[in-house]
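I have placed the structure first, in the form of structure tokens, so that the comments after it can refer back to it.
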Amino acid sequence: MRAVRLVEIGKPLSLQEIGVPKPKGPQVLIKVEAAGVCHSDVHMRQGRFGNLRIVEDLGVKLPVTLGHEIAGKIEEVGDEVVGYSKGDLVAVNPWQGEGNCYYCRIGEEHLCDSPRWLGINFDGAYAEYVIVPHYKYMYKLRRLNAVEAAPLTCSGITTYRAVRKASLDPTKTLLVVGAGGGLGTMAVQIAKAVSGATIIGVDVREEAVEAAKRAGADYVINASMQDPLAEIRRITESKGVDAVIDLNNSEKTLSVYPKALAKQGKYVMVGLFGADLHYHAPLITLSEIQFVGSLVGNQSDFLGIMRLAEAGKVKPMITKTMKLEEANEAIDNLENFKAIGRQVLIP
């Protein structure tokens, strides 16, 4: 089968012919119909998430097939699989655990001490076929097609969890930083659907700002043309926002947007751009604000976002479908900030 693999750090991904794996036990072989392209794939190709090196610090073994946003049809099942059959159209939660560590036992498998992350340290979906280590991490699709479903397994599950952590309700105001990207447009939709909160979207390109507006943001700010803090003070009548979801965590965003928080506000940190956080500790105490990390999502988050999408309440903003051979071009688009919404590869 054809597979697009990371062979050498910092170099273009390599299109290779490799064998089709055979599922055994609880494993499932999926014929990939759609693979979303995520900014994490940029970091993987670069070989680091900030200062964390994927090989030396995170234990990734090369070569590895990238692609963690996965949807497709079941081709074959192992002898321990129940409830699924060949031909079923499924989406796959790629953030899987080995099942025995403390975090797996409390239902937070995405924090597993020995994770099985497809497209990171296990072969992913930039290929014609992919092995799912355990069938319990699949969702049988009923209304969505594969292209619509694939981005939900990362951009959807990640922002669903972040919105949950933001503790929103109709009295609250949320600021989404990076609101026009694949994650940002999902965060806006999810927050609107589940909380009724007022949503402010901020981005730095006019087309991204327009995407955030189309996703349902009540207010949008172009930070390259407006003073974002002044606009936030105007919108909130000087109170500030009750929560920020920062999908970048860059030096720029972390130097600006914590200042947008109201008292008792939450700063939910999602992005992996690699900046350091510098904030005067007494201000945290005096305003009772919180900085909260949010990493992808667990099985409950996966089920939540899939049901929300199948009910028609949220929909990934797919801006481009591309061939498997164009994986490097798709990642280049993300790295150079040329992508709005989500790109999806079709093997």
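Every residue gets a Cβ built from N, Cα and C, even glycine.
According to Swiss-Prot, the feature Zn(2+) 1 binding site maps to CYS38, HIS68, CYS154. In the three-state DSSP reading, CYS38 (Zn(2+) 1 binding site) counts as coil.
Sequence annotations record features per position, and here Swiss-Prot assigns Zn(2+) 2 binding site to GLU98, CYS101, CYS104, CYS112. Cβ environment of CYS112 (Zn(2+) 2 binding site): GLN96, GLY97, GLU98, CYS101, TYR103, CYS104 lie under 8 Å away, each six or more residues apart in the same chain.
Taken from Swiss-Prot, the feature N6-methyllysine covers LYS11 (among others). Around LYS11 (N6-methyllysine), the same-chain residues six or more apart in sequence whose CB sits under 8 Å from its CB are ARG45, listed in sequence order.
With a cut-off of 8 Å between CB atoms and residues at least 6 apart in sequence, the same chain places GLY201, VAL220 near LYS213 (N6-methyllysine), listed in sequence order. Positions annotated as N6-methyllysine by Swiss-Prot: LYS213 (among others).
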Fewest Cβ neighbours within 10 Å, where candidates are the binding-site residues HIS68, CYS104: CYS104
Local Cβ density at CYS101 (Zn(2+) 2 binding site) - other Cβ atoms counted within 10 Å: 16
